[in-house]
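Feature annotations, reproduced from TrEMBL:
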BINDING   LYS16, ARG47  phosphoenolpyruvate binding site
BINDING   HIS79, GLU121, ASP151  Mn(2+) binding site
Amino acid sequence: AHLEFLRGVQNPIGIKIGPAATPEWLSEVLSVANPQKEEGRVLLYTRLGAKLIDRLLPPLIDTVRKSKIPVTWSCDPMHGNTETTEDGTKTRHFDNILSELKQALEIHRSMGSYLGGVHFELTGDNVTECIGGARGLAPHDLKTAYHSLVDPRLNYEQSLEMAIQLSHQFRSEP
C-alpha cells in the first residue's frame, strides 16, 4: 500500500532504510518511487547501527548503483544505536553514533558513492539522555536531566563534539 501511494507523490521522497531492508526491497522501492530517474527525487536515510552497517550498507549502495536511479544518501546514526539500560531508560551511546557515521563515510568513499547528509537528534540544553562524549556521561547520570518524551538526544556539548568529529572526517576526504 505504501509503495502504491508513492506513485502519486510529486514531492521529493525520504525513505528510511533499517537493518531489515534488503537489496531486493530497495530495488523495488526505487523503481516505484523514481521510475523517471529524476535527480533530487529520493533521499535514503540509512539507520543501520554501528554493529551492522559494514555488512548491510555495501549491498544497498551496489543496488542503487546498478539501478542507475539517482538518490541522495543520508546517515541517521541515532536510531540504529538506541539501547535500553538495565533500569529501562532509553539511551544512545555517543561512541556508537560516531562509529556508525564514520563507517558510513568510509563505506561510501570506498565504493565511489557520496554521503550527502546526516541526521541527528540534539538539543542546545544540558540534558543527560545519551551516554558518553567528552564529559563521559554514564548510565547512572541519565536520571540527572533526562527530559525527552520520545527519543534520547545529544546535549549541547555532545552536539558540538559530534560536529567537530564530523568536520575532521570531511577534512580527511581525498
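Any Cβ shown, glycine's included, is placed from N, Cα and C.
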Given a separation of at least six residues and a C-beta threshold under 8 Å, show me what packs close to ARG47 (phosphoenolpyruvate binding site) in the same chain. LYS16, ILE17, GLY18, CYS75, ASP76, PRO77, MET78, HIS79, GLY80
Minimal Cβ count within 10 Å, across the binding-site residues LYS16, HIS79, points to LYS16
GLU121, ASP151: which of these binding-site residues has the highest Cβ count within 10 Å of its own Cβ? GLU121
With H, G and I counted as helix, E and B as strand and the rest as coil, say where DSSP puts LYS16 (phosphoenolpyruvate binding site). strand
With the Mn(2+) site defined by HIS79, GLU121, ASP151, which remaining residues of that chain have Cβ atoms positioned within 8 Å of the Cβ centroid? ASP76, MET78, THR82, ARG92, VAL150, PRO152, ARG153
